[in-house]
């Protein structure tokens, strides 16, 4: 490789020498030609040439004369000749210098070529010596590489043996763990099978319980509907009995005073009897639909007929007025056709120790049927339904505040002009009592007077002050025991009487009552399911909320 490089350098040097030689030859030729031309252009030659040119001119020109500035031109020629001679000398010097530089360069290249040849020869000698050494050292290198490879193979074999032993140990450990995992999996699978079997049994038991609960729920729904039907019919029957009693009293004692009232209430009685038959048929259809598998909440709602309040209080008021105004010596005549049995004096407002019973006349707000907790309310809000109660002689004043479609009978002063005098005395007495006890209504004061009369047997011989004292004592006694029926209800005394729950129809204690913004009374436990299912309506009996 080094020999090839040296050869290439020699070729390049030769090419450079040839090129330099060609250039030098061209320059020498030019210089020689220029030298010959300058040697010809001597001063004498120029003069002879000038004379020859002048001799050749025609005679006419000699007759005219020569150029006046020929001397200046000759001088210019001489000056130009001197300049050319100087330039020639400079060129010769430059050529000599270039020849010397070229010679020096050629000698340098010659020396470089000789050094390259020597280096090439030395490289060839080194190559030859290396070839000889390689031939001598080849068996040793082969043997050494064989031993090295043998050692490497032995070390790899040892490593492979160790890896095989380690893999065998790992395989044994893996087999042992796999066997343990298989046993554990079989045990877990056995437990899962047992749990699955238990879950299947539990599911079957729950399914049977669900079926039984469904059947029981159906029975309960049917029982609830039947009980509601019975309650509704019982209340209607009680109302009809009370209306019959009211009509019988009107026919017996006031046949001429209230003929229009008698006809109107007879029409109402016939209408309620028709509604009763219709209600029975609707309840029967509802029970049939329940037996067919319909859900209670999807069944149509049944609204109770509107039962107006029977104005027995005012009728009894007229009877009391007549009894008070009759002469005390003559016994009052008894009507021959009176259907009312004799009753003991009412003790409704009498105080009872420690546990006063709730008033029997107080009715809860309008109930609606088929309203278990969670079901939507139905029925018109203006259709009150009265709680059945036994007939009483002197109902408290709250009865008159219930909704009634029938107008009250006219006062006795307008109905009978003959009783205007006694009625005026009673009105004066009631006005005095009202001024003394402004918290009591007229009906309450009348009831208190009736209690005083029932306790003494008669009011004859008593002065107004004694009557007021007796009324005040009974009013104070009623405030201590049962303040609700005696005086106007106040926020602090409204919790005293116990009301019936509209869902379970049981008495509601103050601590177990759910607080509502309306006047309905419901147990806290009974309304829980409704509160969970309803979002915006807090009362199941108020559709407008």
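Placed from the backbone N, Cα and C atoms, the Cβ positions cover glycine too.
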Legend entry - region 'Disordered' range according to TrEMBL, out of 328-383, 440-495: 328-383
Inset, instruction - Looking at the candidate ranges 286-313, 398-425, report the one that TrEMBL labels region 'Disordered'. - result: 398-425
Legend entry - For the region 'Disordered' (141-185), the number of residues DSSP places in helix, strand and coil: 45 helix, 0 strand, 0 coil
Legend entry - Residue distribution over DSSP helix, strand and coil in the region 'Disordered' (93-120): 28 helix, 0 strand, 0 coil
